[in-house]
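Undergrad: Let me give you the structure first, and then I'll get to my questions.
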């Protein structure tokens with residue numbers, strides 16, 4: 001080992017991040033609720049989908065029943081999505097179940113229980129498949145509580 005390599009290895013061990021790999025860094029900063037997915041849900045935001053996604057079921061229901069507060073609140077949300085994403089990042093911990101995948105499955109295939117199969121809830125997934133999401137009532141329940149269901153899975157961590 002030449003002098004440069006010895007100096008460099010000593011300097012790296014003195015670095016504050018010594019002992020952490022790039023994968024550790026990636027795992028630490030991987031978002032649970034990416035802004036991009038929030039904007040994709042915002043496109044159908046007059047239904048409140050983006051607000052449900054970011055863990056705001058009360059205002060999500062308000063947006064659903066008022067058409068995004070007559071579309072004015074929907075336009076305002078275009079600028080509020082980054083702040084809502086930050087709040088969701090602080091509130092929900094990373095999990096082996098990806099929040100975004102579960103939400104996309106719920107929104108588009110929820111009455112068939114596909115999101116429940118993805119989360120490992122095979123019995124209720126089968127019930128949803130056979131009953132159309134328990135005639136839509138279970139689908140509405142999952143829209144209001146999906147983030148909490150994922151957060152409770154495995155104690156909210158890997």
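Glycine too: its Cβ is placed from the backbone N, Cα and C atoms.
Relevant sequence annotations retrieved from TrEMBL are reproduced here:
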- 34-79: domain 'TM2' (DOMAIN)
- 98-143: domain 'TM2' (DOMAIN)
- 36-54: transmembrane segment (TRANSMEM)
- 61-85: transmembrane segment (TRANSMEM)
- 97-115: transmembrane segment (TRANSMEM)
- 122-141: transmembrane segment (TRANSMEM)
Undergrad: In the predicted model, what is the mean pLDDT computed over the domain 'TM2' (98-143)?
TA: 96
Undergrad: Which sequence positions outside the transmembrane segment (122-141), separated from its termini by at least 6 residues, show Cβ-Cβ distances below 8 Å to it?
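TA: Cβ under 8 Å, 6 or more out: 106, 110-114, 116.
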Undergrad: Using a Cβ cut-off under 8 Å, which residues of the same chain at least 6 positions beyond either end of the transmembrane segment (36-54) come close to it?
TA: 60-64, 67-68, 71, 74, 77-78, 81, 84-85, 87-88, 100, 103-104, 107, 143-144, 146-147
